[in-house]
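J.: Positions annotated as GTP binding site by TrEMBL: B:GLY24, B:LEU25, B:ASP26, B:ASN27, B:SER28, B:GLY29, B:LYS30, B:SER31, B:GLY72, B:ASN128, B:LYS129, B:MET130, B:ASP131. Under the heading Mg(2+) binding site, TrEMBL lists B:SER31, B:THR50.
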Amino acid sequence: MAQSSSGASDMAQQGAQWLQGLKETAMSMTQREKKDEDEGYSPFHGLQKSAVLQECRCFNDREINARRCITILTKILWLLSQGDKLTRLETTEVFFGVTKLLQAKDQQLRRLIYLVLKELKPSPEEVIIVVATLTKDMNSKMDLYRANAIRVLGAIIAATDPTLLAQIERHLKQALVDRNCFVAASALVSGIHLMHVNGEVVRRWVNEVQTALQSDNQSVQYHALALLHQIKRQDRLAISKVVASLTRTPLKSALAQCLLIRFAKKVMEEDPSGETRDRALFDYLEASLRHKSDMVIYEAASAICSLTNVTQRELSPAITVLQLFLCSAKPCLRFSAVRTLNKVAMVHPIAVTPCNMDMEGLINDGNRSIATLAITTLLKTGSESGVERLMKQITSFMSEIADEFKIVVVDAIRAMCLKFPQKHRVLMTFLSNVLREEGGFAYKKAIVDTILIVIGKVPEAKEAGLAHLCEFIEDCEFTLLSTQILHLLGMQGPSTQDPAKYIRFIYNRVVLENATVRASAVSALAKFGIQLNYLRPSIILLLQRCLFDNDDEVRDRATFLVALLKGIEGGGVGIGGLNARQLLMEPLGLPLHAIEISCKEYLAKPSDVPFTLANVTVAPEMLQKERKAAATKAATAAAADNPTTARAAPERHVEAEADLLSKLPQFVHLGQRFSSSKRAALSESGTEYEVSCLKHVYSSHLLLQFSVNNTLEDQLLENVTVAVDVSSTPGLAFESELPCSAVPFGQPGDTFCCLRRVEGLPIGSFGCTLKFLVKDVDPAKGMPEEDETGYDDEYHLEELEIAAADFMKRVPVVDFREAWDTIGGGCEVVETFSLSYNSLKQAMDAVIDYLGMQICENTGNPAESARTHTVLLSGVFLGGVQVFAIVNLRTDSAKSVGMRLTVRSAEMGISQFVASSVA
Amino acid sequence: MGLFKRLFGQITPGKNKVRILCIGLDNSGKSTVINWLKPKKAMAQDVVPTVGFSVEEFTKNGLSFTVFDMSGQGRYRNLWEHYYKEVGGIIFCIDSTDHIRMCVAKDELDALLEHEELRSVPILFFANKMDLPQAVGPVQCVQNLELSKITDKPWHIAASNALTGEGIDEGITWLGTQMGRAARAK
């Protein structure tokens, strides 16, 4: 009995244990499942590279175990895809092991071998060993072998020796039109890769690629289109032809359709005629909105939305489609739609407003990314009253979203701040809160940029914004942001109500931070010292403490600035013809490099006259370099997707560059530049040589800046000049020219021609001829042969016109009426004209163009249906004479517009000259 | 037993698979030799210089051979050694009309004989291109390459003409028996 009872208790114990075990397994299983969801459990998790390499030894076995090898190859591929790097020696070992497997016939193994061969990227000397085998496979009867061999061979040739392509070209050409879609697609993809290394050979395949384009298979058609585009990439005309013809015959493949939409958009954007959009292509985009595949619909909608200067009417069908997507059950569609709408909302908030209702529904979407985008879009399109509510929503989940979307939110808030300046308090508080949270550099930078912009645009927010920034730099780990903020404090701080309170924050940086931040803190301090007399002594004291800093830059700056501040105290002048305030607070108009060269020259040959910046000259090469630097800067600004700065930057840059022209050693005598015209094209775009001209007016000279772009790949132009025939224009005389030494393909160069104004105000047009020395260039090498002497050639350009507008500078006045009355009617000229224009607006634009004057008091926007309109214009004429004009326009008939022009200025001659310039 | 094994081997050729390496200077006729050994319908019409290597298969004397036909061009020769591991036998082709480069062939051969992985691996030499008038005999080849100094592995030289197949069968049969012996010894 005892035994049996003990047996029973044993059983019970075992049962309990078993139950316990079961429970534990179940628990661990649920845990693992949870883990699965979190990080995607992989069978290869925790795989060791060395262990796999060890296993690779079995590739050498006499009998190949296909199963085992497949597993090993998969592991290798997994390692490579995870970013594990094999050393050179390891690669070699694995590679030769894999090549031995080529004897195997197992299809699955074979496929993996091809993949590994492609992914391993062995050294060129070694990889060549498989070429013969692959060539053999390329001609095998198995489609699987053929297709894969083509891909691997293509990759090998692209990576090692492009000349090998000639040997297998015949096979590839056949493969392009192969019946098997896998083979054809492989050949096309190889073609795309090979295009970069050996374009000449690939270009010969056009006919085969065209045939492949007719294929019924989705992926073949897609790749064929991609390759065709690659082949014709250089030739804009051919591309637009291809696109135009394909848009008429719909493609079967949705992927190809998407690609075609992208190409069509590109063609529309690059259209040289610019203004008028290609109707047929746009209709195609619109028709694609009714395609049955979601992918194509979205592609078309997003293409339309991202067109440059798209109109409201063009946008509306695309928006309607996106609105439908917003309610889709698929998160992917919802996301892409709301993302595109978010972008559109930046430029056309009104167009997106109809979707607001649907977007409200997405605020609580389970997917945080969708919710974020929906809210930020609403912030951009919504009304002022909704701001608080939306901000509350965002704050609730700001910590749950990724940095990337936080940046989107911050961008939206920036737009909001500029739209509703009254709301700056709410938004600034939000910004300062998020600034305190953890975040990456890009995120913090976005916040700081936003605060900077808001401070710039909304004066009331300045004090609060600066306070937030001061607090931020107390604990900022990013040197770049610290220096940026310190610079801003230096610029803005002195003009606040209580500048002294910033001094503490800045000086703390000198004590606590790294050298770069210290240096900028020192500069910032000095800016306070220069502008505020009562603070100067204390700042000199603070700066003197920095004189013993252990960093060179900080010490140098401190020494210089102390000297400068003491100079102001002592009433001394500044350096190089500039006073202290100019030196510190205003940007230098010259490239630093040029100043450096001039300084060196001055030091080499010191004279009694002190060095001044006015004597600095700039070499033409430096001008080119400056332009390139500015262009990249503008590009990055544009890439940063900051529409306001991106647009303003190039304009400012053109001005700055024009100012530098008179610093060219040849043109120093011209003096201060008065004005510059708009760029006028002297040849049609798309011709052999594209030439455009900028006219710069100086007090007694006219400087013509010709930009020459060589569009011929096989030519190098040297000693390029533009000969100007001024014999027919009285009052102008040719003075000098500055040739451009070389204009290679695709790199525009500038050549200058300086004309002297002998008497009066010369107006008229004169012929121009481009003269140059041509050298033939092998496009592959990009350089002419050593012994190539070249030959002289000419190229006839269109006539260059000099109009009255060139001598006028657009300068606005604050109060037009008062200025008009002040100048009086002493030198008033009134003329009436009948202009043959279809609309009032056209006539107005043309007249303003002729006069080259600035529209005042927002009179440049006549109502659509108005029959009469008055425009107020002001400007400054050459020599600094103020000119005002009132233009009264009246629609006489459908084809003509009547105009009365009243011009007033201080000089009768100028009034008459301006008035007659319209005729 | 031997008979049974032979029969059994015939039925399941997978059991008697051997891997051999075919090397030699460029233009010595490696690919042509291999080409002749292939089944009639798999034979290539014209043989072009091999780039890298190519894998060929054929059956002879109840053994199924997998041959790595290596390229003999100078830049590929140092890659041969990657394939020495676990190899069953080696075919070394000699262009017996190329007197000048015989010393190059000897250098390559010496390097091969020194190699660790190839200890006691049988080597078959083909003194190829016997049909041409300026060809030297196999005895002369043995002298030029100092083959008599090889002591640590079995070797054999056969005069051959790969275009007609003369002498090749004889050589391969020798190689087959050698490898069979080696397999049995294991």
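In case you wondered, yes, glycine gets a Cβ from its N, Cα and C as well.
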J.: Measuring Cα to Cα, how many angstrom lie between B:SER31 (Mg(2+) binding site) and B:GLY72 (GTP binding site)?
T.: 10
J.: To the nearest whole angstrom, state the Cα distance for the pair B:ASP131 (GTP binding site) and B:THR50 (Mg(2+) binding site).
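T.: It is 23 Å, counting Cα to Cα.
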J.: Between B:LYS129 (GTP binding site) and B:THR50 (Mg(2+) binding site), how many Å separate their Cα atoms?
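T.: If we compare the Cα positions of B:LYS129 (GTP binding site) and B:THR50 (Mg(2+) binding site), the gap is 18 Å.
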J.: For B:THR50 (Mg(2+) binding site), which residues in the same chain are close in space, meaning a Cβ under 8 Å from its Cβ, but six or more apart along the sequence?
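T.: Correct list: B:LYS30, B:SER31, B:ASP69, B:MET70, B:SER71, B:GLY72.
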J.: Enumerate same-chain residues with a sequence separation of six or more from B:ASP26 (GTP binding site) and a Cβ-Cβ distance below 8 A; give 'none' if the list is empty.
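T.: Counting only residues 6 or more apart in sequence, the Cβ neighbours of B:ASP26 (GTP binding site) under 8 Å are B:PRO49, B:SER71, B:GLY72, B:GLN73, B:GLY74.
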J.: Provide the list of binding-site residues among B:SER28, B:LYS30, B:SER31, B:THR50 whose C-beta sits under 8 Å from chain A at the C-beta level, in sequence order; use 'none' for an empty result.
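T.: Cβ contacts with A, in sequence order: B:THR50.
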J.: Quick one: give me the count of other CB atoms within 10 A of the CB of B:GLY24 (GTP binding site).
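T.: If we count other Cβ atoms within 10 Å of B:GLY24 (GTP binding site), we arrive at 24.
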J.: Counting across all protein chains present, how many other Cβ atoms fall within 10 Å of the Cβ of B:SER31 (Mg(2+) binding site)?
T.: 23
J.: Around B:LYS30 (GTP binding site), how many other CB atoms lie within 10 A of its CB?
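T.: Excluding its own Cβ, B:LYS30 (GTP binding site) sees 27 Cβ atoms within 10 Å.
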J.: Would you mind listing, in sequence order, the residues at least six apart from B:SER28 (GTP binding site) in the same chain with a Cβ closer than 8 Å to its Cβ?
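T.: Those within reach of B:SER28 (GTP binding site), by Cβ under 8 Å and sequence separation of 6 or more, are B:GLY72, B:CYS93, B:ILE94, B:ASP95, B:ASP98, B:ALA105, B:ASN128.
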J.: Including all protein chains shown, what's the count of other C-beta atoms within 10 A of the C-beta of B:ASP131 (GTP binding site)?
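T.: Around the Cβ of B:ASP131 (GTP binding site), 13 other Cβ atoms lie within 10 Å.
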J.: If you run the three-state DSSP split on B:SER31 (Mg(2+) binding site), which class comes out?
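T.: SS state of B:SER31 (Mg(2+) binding site) = helix.
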J.: Ten-angstrom check, please: count other Cβ atoms within 10 Å of the Cβ of B:GLY72 (GTP binding site), all chains counted.
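T.: For B:GLY72 (GTP binding site), the 10 Å Cβ neighbour count is 24.
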